[in-house]
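Undergrad: Next up is a structure, given as structure tokens.
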Amino acid sequence: MLIVVTSISSLVHLYSISYMSEDPHRSRFMCYLSIFTFFMPMLVTGDNSLQLFLGWEGVGLASYLLIQFWFTRLQADKAATKAMPVNRVGDFGLAPGISGRFTLFQTVDFSTIFARASAPRNSWISCNMRFNAITLICILLFIGAVGKSAQIGSHIWSPDAMEGPTPVSASIHAATMVTAGVFMIARCSPLFEYPPTALIVITFAGATTSFLAATTGILQNDIKRVIAYSTCSQLGYMIFACGISNYSVSVFHLMNHAFFKALLFLSAGSVIHAMSDEQDMRKMGGLASSFPFTYAMMLMGSLSLIGFPFLTGFYSKDVILELAYTKYTISGNFAFWLGSVSVLFTSYYSFRSLFLTFLVPTNSFGRDILRCHDAPIPMAIPLILLALGSLFVGYLAKV
Amino acid sequence: MDLPGPIHDFLLVFLGSGLILGGIGVVLLPNPIYSAFSLGLVLVCISLFYILLNSYFVATAQLLIYVGAINVLIIFAVMFMNGSEYYKDFHLWTVGSGVTLLVCTSIFFLLMTTITDTSWYGIIWTTRSNQIIEQDLISNSQQIGIHLSTDFFLPFEFISIILLAALIGAIAVARQLGIDGISIGPILLTGFITTLATLAARPVTRDSRLFHFLMLAMYSGQIGSFSSQDLLLFFIMWELELIPVYLLLSMWGGRKRLYSATKFILYTAGGSVFLLIGVLGIGLYGSNEPTFNFETSANQSYPVALEILFYIGFFVAFAVKSPIIPLHTWLPDTHGEAHYSTCMLLAGILLKMGAYGLVRINMELFPHAHSIFSPWLIIVGTIQIIYAASTSPGQRNLKKRIAYSSVSHMGFIIIGIGSISDTGLNGAILQIISHGFIGAALFFLAGTSYDRIRLVYLDEMGGMAIAIPKIFTTFSILSMASLALPGMSGFVAELIVFFGILTSQKFLLMTKIVITFVMAIGMILTPIYSLSMLRQMFYGYKLFNAPNSFFFDSGPRELFVSISILLPVIAIGIYPDFVFSLSVEKVEAILSNFFSDSFP
């Protein structure tokens, strides 16, 4: 996980040197990116829930600051003010979850909690149903993950978070911060194995998210929003992979997804930057001849996203779907069918965005086309590295 | 002192010149405060001279009596008088000045000739019978003691009687002061915040001497109430706060200042009636001789019904001050209308006096009643968090919004006090200190923004971040501290209060779970008003009619105040043991009362 976080963050830093080179506040941007790069490893390397919570809130703070980086734009302020409380709604689940674990186990240290978590012992009976404490705690933790990973119910902040600059979207909302929820579930996996009810909830929620986000993504016109909904959908995959108790596959998909999604965002950013900050796809078109390099990068990213055989996405997405198919429970079957339909929609919107941006006859203003230039070197190097990752990491890292 | 020659001479010349300059300053400086401080300089130089001449006792006496008592009284009187116009007339030369000059010059020359003409070594200071004793003495103090009890016995007795009368009077008023683990935190906080508040108020353009006098009076009242070990002294110090706040509010406040000041006085004085009844009741209970000492009152056990009565009485007074809903309505008016330096003191320290009183008196003296009332305290605290956090987004006035956030944060302290667990009480004390810092800092920044923009209503502001980036940055950081971002002290305090409720042995699991959930709702509500306040003030883009000469960013003084508050907040957030190491033992001592074997 640290490999993912640090490599994506370093590539994004490099990219944003060139992307933000004309912005008068670029030093503040770099400060905010560094705040994020501080808190995310703190979240990942924490050996107790308190440090994880510190990192959790810290990356929420960093995302708030970065979304409203251009704070004179009211849409950005509204998006940021929406993001932080929605994250806090997630924390409404996470903090009582941590407190619940503290009550049950009298500690916040992970290794102690996992050692002491045994079969359900504290429970109470009401309405003729038996509620286990461990179920409640896991559901609360999952609510925290929902808030952070933009699952159904708290997904509203993710598309609006595209108000931030593109490097922000790449690093925070594609590769690292939104995966913090998945990471937390995977980290606490010994705990999640005990309540089957919680796992069923997680599977249903993840599958529903992937389906709903994919269906919303096919109708978006803003290129970054398409990719944002695609992120939501892929996170749904990861969550339901956790729900069917395959945590390592989920983290594997997390790693692969980080690479190709960051690639997609950064190349979209290159396009936007070149088209004088035009983000509407209906106003682009025919750019394949103007930006062959960016087109190639985006094509590679999209192919990897839809799970084209033997590229990165294939090794994790296909495995997830196979595992869902072979898990003969209601939730497993539900997840399989919804996941398969999402694959259909994923390829639809990926190629729709490719066509509209690069391949249809030109729809954009003349002055944009005349002034456009392909990605300069500091923006190209991260793209190349991420493309290599999207192509080969799946094969190299599969077990 | 046996110093080598050149150093001795240098010090002599240095002190002498300081003394002469100070003396000239006392006489010639136009501002009476400056001359009072020069008098202090003169007296300190004299005592240093005495040290040079090996007379340590006289030097100490000089410092203690002259500087510590007499000079302080002079400064007190000068500050209180506030006659700022008188010194402009000092340059007129009158007949009286000429006569005085003549007399002083002649006395000077007389002294010069007399001192140099007297042969000091020829005078024998001791009588025959004392010379044997004196050969064994080595220190000055012993020699002075011998002389006082033999040669100067009658004057010594006379002076002793006068001194004794003065001391009895002083003791009757000053009684007992003492600090322990709970009070040391608030006392340090008081010193810190008062210094910063006075620095924040510079320059005071109108009645500055009275302003500083009132600040110092509040300072002494606060430290007195935190450090008193005596119920009557506590009550006196509590009351000492009222008049300075009234004056500070009514002379330097906003548009509705008289209304707010009157409201404050009526609420707080009304609560203090209950406080006085409680104090007198405890002191006069059950014994022939009244005793107001905390220790003896704490060790005495009262019948439960009486405890409940006293508890309610004290509780009303502390509920007004704390504040606890529904007696909190004085706070938004007072904080909304006061000048920001007063707000810093009010939000930072005065509210904490109420919470401190709850711990000190209600928990220590009435443990049975406290454990009966503690569920109610927790419920009220929880409701307070949510109620105040919900009321705050509805305020148009910036300072009222921050005032309601103060009320909300005090709810955590109430919960921690009611939880009867040492984690909870430690968390409450940490929240006292943490919110003292954060509340003071927020009011300071709100006040400095108001100084720039002269608007109080949030919907008229907007887009200030470009013009005042430093204030924007510190305001954002402190708003994050207020909404309990981890890494800052607010988070640690709230978390420890959470854990305190959960580890409390007194409540059932279901109630604990419900309370935890309701507190977590408060966690969601807090960012809503903080962030929307930030957004309305700083983001967006707006052209202002404010005259540009006021609209510059914060200078070194304001940065110093903000950073001085920010550093402890972050330090406590990262290492809360700074505060916990002070309070842990006393908290254990208080709570052992609740869990002893004889407790029902």
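Sequential numbering from 1, following the chain as shown.
Backbone N, Cα and C atoms are what each Cβ position is placed from, and that goes for glycine too.
Curation plays no part in TrEMBL annotations; they are all automatic predictions.
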Undergrad: Please find, within the list B:122-141, B:202-221, B:402-421, the residue stretch that TrEMBL describes as transmembrane segment.
TA: B:402-421
Undergrad: Where among B:63-80, B:264-288, B:308-331, B:559-580 do we find the most Cβ pairs under 8 Å to the transmembrane segment (B:402-421)?
TA: B:308-331
Undergrad: Might you confirm whether the transmembrane segment (B:63-80) is in contact with the transmembrane segment (B:427-445), defined here as three or more C-beta pairs under 8 A between residues 6 or more apart in sequence?
TA: no
Undergrad: Do any residues, 6 or more residues outside the transmembrane segment (B:343-361), come within under 8 Å Cβ-to-Cβ of it, and if so which ones?
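TA: Tertiary neighbours of the transmembrane segment (B:343-361) are 182-183, 186, 189-190, 193-194, 196-197, 200, 215, 218, 222, 225-226, 231, 234, 238, 241, 245, 278, 294, 314-315, 317-323, 331, 334-335, 399, 402-403, 406, 410, 413-414, 417, 425, 428-429, 432, 435-437, 439-440, 442-444, 447, 590.
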Undergrad: Can you tell me which parts of the same chain pack against the transmembrane segment (B:63-80), counting only residues 6+ beyond its ends and a CB-CB cutoff under 8 A?
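TA: 32-33, 36-37, 39-40, 43-44, 46-47, 209-210, 212-213, 216.
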